[in-house]
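Q: Sharing the feature lines straight out of TrEMBL:
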DOMAIN    42-334  domain 'Ammonium transporter AmtB-like'
TRANSMEM  12-30  transmembrane segment
TRANSMEM  42-62  transmembrane segment
TRANSMEM  74-94  transmembrane segment
TRANSMEM  132-149  transmembrane segment
TRANSMEM  161-177  transmembrane segment
TRANSMEM  198-214  transmembrane segment
TRANSMEM  226-247  transmembrane segment
TRANSMEM  280-298  transmembrane segment
TRANSMEM  318-336  transmembrane segment
Amino acid sequence: MSSNYRNFRNNVPWLILFLEAVFIVLFLFSEDDLSSPRISDPAFQDVNHMVIFGFGFFLTFLKRYGFSSTGFNLLIVVLGVQCSVLIESLLDFLLQRNMEDGLKRITKATVSTTAVVISSGAVLGKTNPVQLILMTVVEIIFFHMSRWINHTFLQIPDNIGIMHVHLFGAYFGLAVSSRFSEPSPRSEKNASTPKSDLLSALGILFLWVFWPSFNSVLAADKSKAIYNTYFALAVSAVTAFVLSVLITKDGKFRMSHIRSAVLAGGVTAGYASQSIEYPWIAMILGLLASAITILGSYCSQRCLNPALKIHDTSGVHYTFGLPGVLGAVAQVVLLVI
């Protein structure tokens, strides 16, 4: 929580209660389809574990924001899922679309909320709870608008269009981060401890394990999506360890490199996992994604961020943004050829 924030009791509880009351009233007038689900319960559980446990621990690397990272992550997810389900229901009503079953709706809502969780990593330690809650609602609305534009004008299938969640979340978070001042490099806000780094590494392991389920939960061909995502993740992890040794002066592994790059293959494969016919293509994408992430971290921290006056707390630009761009380009190339 931002150190300049005051009147916590007078603002935060009433804002949350107001939003929850609005959600309950809107759910009263919404319709639910509780027929047999087309998504299995274990698949939804995998996505839910990834978003809550994975991202919750992933953002604990700053020693002053460990508890707030995991706590606010849970608050963002539960508010964002309710908001996303309501917006999806509203779009179904306005566009006269067939209503999906309840489990699929809540699964899509959880995937959509991942954009907000990623964005919160860019503004970690600079926003107070009120700003974070408002960012959640606004970003969910804009993310659904972007999905509608992709589906209506670009004719992108919804199960592929929703996978731009990483790209959208990274650059939305950077746009919000540019409106806040950067803390001093020597500030305690930028410091980490071995314990906080260990918890963040635990979050990376959760994300790595559940990422194939995340990419395949809405896919038409789930086995192909899982297969290609796993190989992309495996190669990106191997490449992260190799490049970490090669580019450091003392020739040792750097947790900052591993933390950023091991997930790059999964982010890139999110777009193209259903279009890849051979595993070696997924492996090449994983290698390129990991290399772009590690090399992009140097470029972003030394050139791009100072020029644009952006302080990217968790490195979401090169962890999710750049691999997302690579995945989008790869999907276009695969569709063309």
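Every residue, even glycine, has its Cβ placed from backbone N, Cα and C.
All annotation found in TrEMBL is predicted automatically rather than curated by experts.
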Q: Which sequence-distant residues neighbour the transmembrane segment (318-336)? Criterion: at least 6 residues beyond either end, Cβ under 8 Å.
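A: Hits for the transmembrane segment (318-336): 118, 160, 163-164, 166-167, 169-171, 174, 259-261, 263-265, 267-272, 275-276, 281, 285, 288-289, 292-294, 296-297, 300.
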Q: Name the range, of those listed as 12-30, 161-177, 198-214, 226-247, that has the largest tally of Cβ pairs under 8 Å with the transmembrane segment (42-62).
A: 198-214
Q: By Cβ distance under 8 Å, which residues at least 6 away from the ends of the transmembrane segment (198-214) in the same chain are close to it?
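A: 43, 46-47, 49-50, 53-61, 66, 111, 114, 225-226, 229-230, 233, 237, 255, 258-259, 262-263, 266, 270.
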Q: Between 12-30, 132-149, 161-177, 226-247, who has the most Cβ pairs under 8 Å to the transmembrane segment (74-94)?
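A: By the under-8 Å Cβ criterion, the transmembrane segment (74-94) pairs most with 132-149.
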Q: Counting only residues 6+ away from its ends, which parts of the chain sit with a Cβ under 8 Å from the transmembrane segment (161-177)?
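A: For the transmembrane segment (161-177), the far contacts come to 108, 111-112, 114-123, 126-127, 135, 139, 142-143, 146-147, 150-151, 154, 215, 218, 267, 270-271, 310-313, 316-317, 319-321, 323-325, 327-328.
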Q: Over the domain 'Ammonium transporter AmtB-like' (42-334), what is the model's mean pLDDT?
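A: That region's mean pLDDT is 86.
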